[in-house]
Structure formats: structure tokens, C-alpha cells
């Protein structure tokens, strides 16, 4: 089996395990309908969790490469963890904790096995990405250009022996492919599982409060960064389409998204619009077109930065 098929195998195995864990959970859990109804009545907008998720996403994930650029290099030698690495470590701990707290407030009774499996895979994928991204940043400081492939980079293509280039391609694979899949697939699975329980027939629960509208813009903008920089357009669109299908299905039952479900759905809807505008803006860029071939063309923001912004300074 070639290494290239391992992400597909990983995704298939994860989905199968989640399916059977939910199947077994249904038959091994006592009836909880009354408790579930009571929890639905107490369902309110989770402003504290959405605020914490938005802040830590912007500071610890989006702000991670920025702080590495701003802080003096002598503070963090190249053979030691950088400030961005510490941000990534904090993200790898805080994000799964907040996801668990979000699941705890779900009005739907969920399979613990499925949730634990997602969280474990998430932490492992984010940790793989931590190592790959840390080394990748040091390569950027040495002249590595993100808008070029590994073998086309000037600092890479002249390495001796030539087999070292294969090692850097393996590093890129762990960083940009396997790490991202193991990071984002369980993330969006948990988001969708949570969303599937955010439906109500009470009209007063189907409105986003003012605090939610204030968080909607920053949340959607972060998801745009996550989708474009993480190169997970297909996974994001699949999740969004599944959410649309869930809304249509629940509408036939007379139910609609509550304030939390509506916040998620609107955030993802705005993200789709932002990604479409980003692609349209860079549609005719020949360099990025070469870097990102294929049917779905979505350039990474940091590749755009090294190509168009960094060169002008």
C-alpha cells in the first residue's frame, strides 16, 4: 500500500468506527428522552464558549505565524521552540477542552466513544502539524518560498545528497496533508454532531442574540482562514452540505436550528461566500495557479503573502 492512500484509509476507518460506536451506544444506553427534553428547554446561546473559541482561534492559531514574524529571532534560537510553537501547544490543549465543554452542553445525547475517538485523533493530528509547521517556519526564515513546491525551492533543490529532498517532501506531507486531515476531520465531525442536536420547535430559541451577531463576523473570517490555509475546502464543503441537508430534514419534522445551531450555520454560510470571493480575486494568478493545480483552486493566504506582500517590503 502506498503512502499516498493513507489519508483515505484513515478517513474510512474513522467513519466506520464512529458509525459502529454510535450503533452500539444506542442499544447500550438506557432511555433518556425525558432528560433530553429537559435539556432542550434549558438550551441557551453559549456565548462564553463561542467567545473563548473565537478568541483562542484568532490568537493561538491565526496569531501563531504572526508572532513568529514580529518577535526578534534572537529571543528564540532556531534550535529551540519559537513563540509560535508555544502558541500551538496551548491551542492543542485549549481547543479540545473547549470542544468537550461544547459537547457537554449539546441537547442531544452523544456517544462518548465517538467523541473520545475524535478528540484523540484531533490532538494527534494537531501535534503532528505542530512539529511540521515549526520546522517549516525555520525554513521560511532561511529563504523557503511557500508559493513554490518543495523541489522548486532554491534552498531545497540543490541539497546533497538528493535523497534529502525526499525527506523534506515527507515533512511537507506530514505537515500539510496527514496532519491537516487528522486535525480537521475530527474537528468538523464534532461540529456536525453538535449541530445535529441544535434543533427546536420553540420560536424563542431560534434567534441569534446580539452577542452572537457580534461574534459572527470574526468567527466566519477565521473559518475562511482555516479553510484556505488548511487546504480543506472539500472537507468544509462536505460538512456545510451535510448541515444544509440536516436543516432540510429537520424542517420536515417541524424543527429549526436553535440560536447555537443558527450561529454555526450562518458562520459557515458567510465562510462559503468569503472563500468564493478569495478564489475569484486570485483566479488569474499564474504562479498560484501552478502551485495549486486541480479542479478546486483555493490558494493559501501565506503563499499569497510570500509571493505578493513579502517581496514588496
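Backbone N, Cα and C define each Cβ position, glycine as well.
Since we're looking at a predicted model, the values are computed, not measured.
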According to TrEMBL, which listed range is transmembrane segment: 261-283, 284-306?
261-283
Quick one: sort out which of 115-132, 133-150, 151-168 is the transmembrane segment according to TrEMBL.
115-132
Segment assigned the feature transmembrane segment in TrEMBL (from 6-28, 29-51):
6-28
